[in-house]
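Lifted from Swiss-Prot, the feature list:
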ACT_SITE  91  active site, proton acceptor
DOMAIN    97-327  domain 'Radical SAM core'
DISULFID  104-332  disulfide bond
BINDING   111, 115, 118  [4Fe-4S] cluster binding site
BINDING   158, 159, 190, 213, 214, 215, 289  S-adenosyl-L-methionine binding site
ACT_SITE  332  active site, S-methylcysteine intermediate
């Protein structure tokens with residue numbers, strides 16, 4: 001059986017026609033799934049009994065079940081553990097803002113990139129998520145909170161560009177007016193920096209925001225924090241970023257997790273200013289998530305502000321990420337890891 005969420009409207013129409021069914025039934029089915037959030041063919045009232053049986057015999061609606069849900073005290077952040085049909089578990093986080101609800105979705109079960117500050121990668125990657133499985137996190141979360149989600153961040157477990165085909169198919173699906181109709185400018189894709197795939201993404205010319213996990217302006221330290229840096233130097237990464245900016249005319253966000261005594265000095269701030277000078281970019285400073293598997297500690301607020309001020313003085317737009325749901329916000333991957341290890 002196939003997950004119907006992996007299908008576009010046109011693909012479902014073609015399939016129905018091949019089974020001597022009416023093509024317009026595809027639009028009705030999509031309306032039930034994406035607008036009414038009905039995930040059982042038998043509950044689709046305007047679909048004939050024969051067609052329901054045909055769909056049920058060939059497809060499943062692959063929305064994961066909620067195995068754990070945490071809500072912050074201020075009720076602005078929800079953390080979900082979702083379980084797919086094969087028993088694999090991933091995390092998603094919903095954040096409520098005045099301008100709308102955002103969701104951070106996972107693109108893989110686990111991750112193979114090995115970044116030292118991330119709990120998602122500690123057990124390696126189990127498998128890629130399909131386009132429909134990524135999409136289904138949004139739908140499951142919308143049903144749980146009873147509100148529309150209008151912004152998507154691909155920043156959960158997994159490296160999106162390590163699952164390039166499925167992730168780009170997801171981008172095509174989620175932005176379609178036949179599904180969730182989320183605008184491309186409301187989507188951010190975060191990568192550790194797979195250089196060839198950044199260029200390939202640029203060639204697709206999406207209007208999404210690309211976020212690069214940088215975390216150091218120096219190759220030696222970046223290699224220590226992020227194994228991907230052993231394959232691609234900062235020079236190569238910056239060249240790929242320039243290609244992306246020139247191709248899409250979109251500003252890149254550089255994410256920089258500040259670790260006390262490691263990458264938070266004035267020297268590093270000045271070096272980062274030099275590396276990014278003249279680029280159409282924005283820097284997002286992040287107090288590092290502390291996980292027990294490493295000794296990284298959050299930089300002090302004073303250091304973070306001083307670091308940011310150096311960047312601003314050099315003409316680089318900089319913000320400090322607002323921490324939401326601190327009372328439930330274990331580092332990305334920790335909730336899943338603690339649940340799976342039980």
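Glycine too: its Cβ is placed from the backbone N, Cα and C atoms.
From a predicted model like this one, the values you see are computed outputs, not experimental measurements.
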Site extent for S-adenosyl-L-methionine, whole Å (max Cα pair distance, 158, 159, 190, 213, 214, 215, 289): 18
Rounded inter-Cα distance in Å - residue 115 ([4Fe-4S] cluster binding site), residue 159 (S-adenosyl-L-methionine binding site): 11
Average model confidence [pLDDT] within the domain 'Radical SAM core' (97-327): 95
Among 91, 104, 111, 118, which are recorded as recorded positions, the nearest neighbour of residue 190 (S-adenosyl-L-methionine binding site) by Cα: 104
Whole-number Å value for how far residue 91 (active site, proton acceptor) lies from residue 158 (S-adenosyl-L-methionine binding site) (Cα to Cα): 10
Candidate nearest residue 111 ([4Fe-4S] cluster binding site) in space, where candidates are the recorded positions 104, 159, 213, 215, 289 and distance is Cα-Cα: 159
Neighbour tally for residue 104 (disulfide bond), based on other Cβ positions within 10 Å of its Cβ: 22
Lowest local Cβ density (other Cβ within 10 Å) among binding-site residues: 111, 115, 118: 115
Fewest other C-beta atoms within 10 angstroms, as judged across 190, 213, 289, which are the binding-site residues: 289
